[in-house]
Amino acid sequence: MPELPEVETSRRGIEPHLVGATILHAHIRNGRLRWPVSDKIYRLSDTPVLSVQRRAKYLLLELPDGWIIIHLGMSGSLRILSEALPAEKHDHVDLVMSNGKILRYTDPRRFGAWLWTKELEGHNVLAHLGPEPLSDEFNGEYLQQKCAKKKTAIKPWLMDNKLVVGVGNIYASESLFAAGIHPDRLASSLSTEECDLLARVIKAVLLRSIEQGGTTLKDFLQSDGKPGYFAQELQVYGRKGEPCRVCGTPIVATKHAQRATFYCRHCQK
């Protein structure tokens, strides 16, 4: 599933081609996504795009009378086309722009979403979200406060959007490795120093992935059709049985709530 770096990479890639241009019309080939494509999106016509923002794993297209909320789901990606290339099987939505560009949404598993809302505040998919991990609000002090009485493993807690948004399976595993923290540790067992370190490395890992265009394991592509290159720098995720790049110990894979977790039993305590 695309996580924060992939969604932010998509935002940065599409923003220059959408802001200041006008949506001439939307072409919906298959509106049966995780939730049906909102009726308002079908009827878009001569609508300028004012901004392209991100909240958690949601892309937000600001229009004069409301917002398009896009979620990439498990396998979605957005591309900017310079011409109307023939659509393939999993190309479900096109926004045809006044500058000759086309924003094309591809989603093999159709777990994504294209929603419309008049107001962002209070929308059900955006309500109850925790802070952005790259914000000043997310720091060691905040993390320690939230972990202090939490009797659950730190790995799934990091993936809870009520704690912090956008840190999914890949970046939770990678951040815990970078901090030297075992994913099975109780959140409440983390010291002040460990919380400070973990908050810092989460930011560093996410920023590095954004620099590299995110992580492509299967479906995700950047808006120019290129893969995300952070996959080449993964330390533990997807490397079961391979030697740890630090100590040489084989990487272990376990499952937490049906999600694979990767770690080094020597480097992470």
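Residue 1 is the first one shown; counting continues down the chain.
Each residue, glycine too, has its Cβ placed from N, Cα and C.
Owing to the predicted nature of the structure, the values given are computational and were not obtained by experimental measurement.
From the candidate list R55, R109, the residue Swiss-Prot records in the DNA site shared with H90, K150 is R109. As stated in Swiss-Prot, the feature zinc finger covers range 235-269 out of the listed 200-234, 235-269. K57 (active site, proton donor) has E3 as its nearest neighbour among the recorded positions E3, H90, K150, going by CA to CA distance. Straight-line distance linking the Cα atoms of H90 (DNA binding site) and P2 (active site, schiff-base intermediate with DNA), rounded to a whole number, equals 17 Å. For the recorded positions K57, H90, R109, K150, R259, the largest tally of other C-beta atoms within 10 A is found at K57.
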